[in-house]
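Here the structure is laid out as structure tokens; the discussion comes afterwards.
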């Protein structure tokens, strides 16, 4: 990247840790780029000179606001007047904080950030920068954060994420008097100078923040936007449904509008109140603040009246043609023998349908559109069909139900929806949606638009197929960690924050792509890394006893940090003794006389190894060598004392894909490509620290990875922890055996083309 011309010069007093240090202006300059930063000790004020003019600005906040306004593409000052005002409101609040309110304020911010990656919207703004700077510069706030510790996990996550961004790291180094290691100019006699390059917007954990302008939606009026999320209560929400909910909510939030949750309950054969309750639970977990919950069944009488209106206007008719024949006629543009029935005849047949008589159940009500239309969706589609199954809300009041394509535009219009956003699997129905609005003379005409459907390799998002897995017992239920339902994938450890960022990072593009599920978990790792305490687990079946001749003969219990990089997480109890348990797979790679490092303790020398008939190490002896250099050892080993007050046995689980083929094609037999062995588990030893964990707590077993607490032990049932992937899914439970040595097979060397030619010539 070529160096861009500087647009301004920022001069400030660079005395480390000074109360007047312009951290807000420096971070903003780093984010925006193109600012020459000059620090000199003793300057009276912070000043920003605009290159090419005689103008200058003074004051850290004033300079930051100017830089944010000059780079609107970064949205540092929000995306509209409302978000800019909210940013100003936050900045004013942060600036006038009183010390006696610090505790209350931090708890408030933690709750506010529960389901947010940033303070305003979905991008970094000045509000984030100012709050970060206040925390960094006010010692009393830092002390209060340390006191609150794990009780403010969401604020800690937010702060930890910003702390690792390059712009913040460089500014923090300057604040602490450290020399920059990147993009630094040479130190002059009078001070230091650094010129930054023009940079693109900050990346999130998933990549660039998605482009939501791609849909080019008209009529996005502040305070007037009304969207909806219309799930069918025929199963649990999966991540595809989550995308629909999050994108519709994005526009409602961005334009200070509303989102309505509407259950499309038009097929009683598949629907259950259980599904309704769990979908509402999932929507709440996504942090969506909906205006109200409605049901299509609230409008059954109204939709019925529109159907009668169509019959009377001669644009709907009843048809008892068998389904297979009707499909063939539609494919071949052949009109039904009932197409020109009289209005009276159609009303009579529709009445039979409503009574679910023997003749009535053979019929459907069809819209009379255009059987010769090039778009087959217009070839007299069905709009009502019979179903005698009792409805979970209305019981047996109705025997006929509207189809989704007919009911949806009616209810959208009546509920005042302005924008209906749905995945492009419905793209071929968009014109039909608008046509119903026209022929029914509905005044409110929502704008309908499509975005790409989520698709992952080796993952099915079809509710029918997911239901098959549940019904056949392949999985334990809709919340099984192998399923892509929200409740399933969060049991596997995916955080809602990571899921939301992933979906928003995709933007609203209509281009379909199939992704690796591991990409979801890469972003999840960025959320977990700064927030998870560290513990130790040793595989039980292969644990090796290591006896130290000079170790503590009586167990010594010490308080150690749960996470060395974040003391605010508190401490854990660690037992030190002369009898340790080590990972068998680690020990199989150790040689007698080798010096190794016992993590968080020091070095030890292995003197003897005892092996079984298979050649596996079963026990070792050695001695501590704490004066040894941990940097010079090849092996850093996890360990537990076998003399712990409470050695707790836990179950560690991991899962493989259910589907063995990356993408199923039409005609593929589902059972042929179903993995019948996709759940794996081992027992492991841990210590008493595990007894403090609660359901869904997330931790890291050092060197093993992140785990989610799926079951809390009670003396009868064990603790169960599920492995959380941090990238591509490892096959066959391999994640449970991270220390097993894998023999690498050398790849065959292909001779270069010139070598091949020489070989041929020599043969000739």
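Just so you know, glycine gets a Cβ as well, placed from its N, Cα and C.
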Worksheet item: If Swiss-Prot gives 425, 460, 461, 462, 463, 464 as binding ATP, which of 238, 241, 625 does it give for that site as well?
Response: 238
Worksheet item: To which of the residue ranges 233-242, 243-252, 253-262 does Swiss-Prot assign the term motif ''HIGH' region'?
Response: 233-242
Worksheet entry | Annotated companion of 228, 229, 230, 264, 404, 405, 406, 407, 408 at the L-glutamate site, Swiss-Prot, chosen from 379, 422 | 422
Worksheet, complete the sentence: In this predicted model, the motif ''HIGH' region' (233-242) has a mean pLDDT of 96
Worksheet item: Looking at the binding-site residues 408, 461, which sits with the largest number of other Cβ atoms within 10 Å of its Cβ?
Response: 408
Fill in: When distances run from the Cα of residue 406 (L-glutamate binding site) to each of the binding-site residues 238, 460, 464, the nearest one
464
Worksheet, complete the sentence: The largest Cα to Cα distance in Å among the residues 238, 425, 460, 461, 462, 463, 464, listed in the record as binding ATP, is 16
Item to complete: Could you check the binding-site residues 404, 406 and say which one's CB has the fewest neighbouring CB atoms inside 10 Å?
Response: 404
Worksheet item: List, by number or range, the same-chain residues at least 6 past the motif ''HIGH' region' (233-242) whose CB is under 8 A from its CB atoms?
Response: 263-265, 267, 270-273, 275-276, 278-279, 282-283, 286, 392, 423, 453-454, 461, 463, 466-467, 478-479, 483-489, 499, 503, 520
Discussion item. By the count of other Cβ atoms within 10 Å, pick out the sparsest of the binding-site residues 228, 238, 464.
Written reply: 464
Practice prompt. Could you check which of the binding-site residues (230, 404, 408) sits closest to residue 461 (ATP binding site), going Cα to Cα?
Written response: 230
Item to complete: Report the largest Cα to Cα distance, in Å and rounded to a whole number, among the residues 228, 229, 230, 264, 404, 405, 406, 407, 408, 422 that the record lists as binding L-glutamate.
Response: 17
